[in-house]
Amino acid sequence: MRYSLRQDIAVEPVIAGWYGWSYLLPPQTLARFVHNRFNRIVESYLDDPQVHAAAVRQRRMHGGPWIHAHEHRDAIEAWYRETAPRRERLDELFEAVRRLEEDILPRHHGECLDPVYQELPAALAGRVEVFYGRDNRTADYRFVEPLMYASEYYDESWQQVRFRPVTEDAREFALTTPMLEYGPEQLLVDVPLNSPLLDAVFRGGLTGTELDDLAARFGLDGERAARFASYFEPTPAASEAPAPASSSEEDVLEYVGHACVFARHRGTTFLVDPVLSYSGYPGGAENRFTFADLPERIDHLLITHNHQDHMLFETLLRIRHRVGRVLVPKSTNASLVDPGLGGILRRLGFTDVVEVDDLETLSCGSAEVVALPFLGEHGDLRIRSKTGWLIRFGERSVLFAADSTNISPTMYTKVAEVIGPVDTVFIGMESIGAAASWIYGPLYGEPLDRRTDQSRRLNGSNFPQAREIVDALEPDEVYVYAMGLEPWMGVVMAVDYDESHPAIVDSDLLVRHVQDKGGTAERLHLRRTLRL
């Protein structure tokens, strides 16, 4: 008898006690989130958990700084007090960056910066470069990111996973609640997120002895080992197992939820912005694409940008053992707001990661991939690591524009002059996004005033902007996606649409615009098989 992980078991990444995502992996950004956001959330909660309880009961408050576990105050307080000594090292790194930004660099206005290296706090000495901007007066810096990962501040013992059953499609918002064991059905395991042990969990096909050995290597025994074993089920023999929905060798283009699209072309497989749902529980949406539908091999994994709903660690870890090469946009900043995606993914256990620059072309098996410029949706911050992926499947070209915003009206006209017409366009139209501080606030040197923050929202394209993209690229098919409509996206998003919401109005207008011109258009939801 062999055993594999049940399809209804989530394995959630945990970093420093919080739901793991990309800005929590580099130590310099983790320190900012812990100091500027997480500590404040916990202390507010401990002061008055009923305020948090009242907030999370209101749908419009989801996504705010509220803990979704008001009945577990004692457990959260105990965890917070016990981990305080471990947070001291992150506090040290936070203070070092604060001193550099607020005390050291502002004293220099054009003269040689060599003396700065002698002033650097120990946490940053030998790990940053300082320089001037082109005005020759504003001093700035960048991290030497590999040295930050090699430092004592990058501590893999902060990393865990939490096993728990999923009972419905809808997921509770996870980014503001400590990831503890809140019930006997949950299990926290100490393990680096890049550990091959996790690949063994997700690959499955384990004998009983191998399953016992895996529990032991996770440091589990007794009741905890038995709980771990309960997350696995007998694996059907190969002749009895149902074939995954994507196991056919036919060419296919399949939307599978939010911004995730699966494609197969002449035997080469692609997955864009992977976020997948679970299965194995009653009441789930019919015909949704789940982990069980994936092929054994994903030749090329493409990520458009570094937001939680496009680069979800929870999905990435579960499919890592299937993935060949990962394509990501190039980052050139090495700053707090723009850590390198390549470095993050390599520390997450991916070995073949390629960083691609604007309009660079790569051969990917039977297809060709081009990285297109991506403007907007990042709060007007200097963030380079974002791209739209154009994939040429033989004679047919498909653009995954993600949340690109057409704030430079002539750019797509100029792009079209280089790449030619595009057959199919996927475009996100969350035209009223969160304020920039919702993601980036903990990374700021000083907080934005509310008026400025609200003016720099993480917006996708509205109707006029999306229309100009479509008119410039002349596609036959246009699909609105990446709207957060699927219930499982609630784990990292907090959208609440009705028919009057600007995103729904804008996307309806775009669909009609394309259809009026004789094209095919649709706002996608859950799953859709398309021609390739």
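Placed from the backbone N, Cα and C atoms, the Cβ positions cover glycine too.
These figures come from a predicted structure and were not determined experimentally.
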- Same-site Fe cation 2 binder from Asp199, Asp212, Asp213, Asp403, given that Swiss-Prot records Asp309, His310: Asp403
- Determine which of Glu286, Glu368, Glu377, Glu446 appears in Swiss-Prot for the same Fe cation 1 site as His305, His307, Asp403. Glu377
- Note on the structure: Cβ neighbour count within 10 Å, max among the binding-site residues Asp309, Glu377, Asp403, goes to Asp403
- Hey, for the Fe cation 1 site built from His305, His307, Glu377, Asp403, who else sits with CB inside 8 A of the CB center? Thr304, Asn306, His310, Phe374, His378, Lys386, Ala402, Ser404, Gly428, Leu458, Gly460
- Message: DSSP secondary structure for His305 (Fe cation 1 binding site), reduced to helix/strand/coil, please.
- Response: strand
- Message: Other than Asp309, His310, Asp403 themselves, what residues in this chain have Cβ atoms within 8 Å of the centroid of the Fe cation 2 site's Cβ atoms?
- Response: His258, Ala259, Asp273, Thr304, His305, His307, Gln308, Met311, Ala402, Gly428, Ala482
- Alpha-carbon distance [Asp309 (Fe cation 2 binding site); Glu377 (Fe cation 1 binding site)] in Å: 13
- Note on the structure: Residues near His310 (Fe cation 2 binding site) by Cβ (under 8 Å) yet at least 6 apart in sequence within the same chain, in sequence order, are Ala259, Asp273, Val275, Ile303, Thr304, Ala402, Ala482
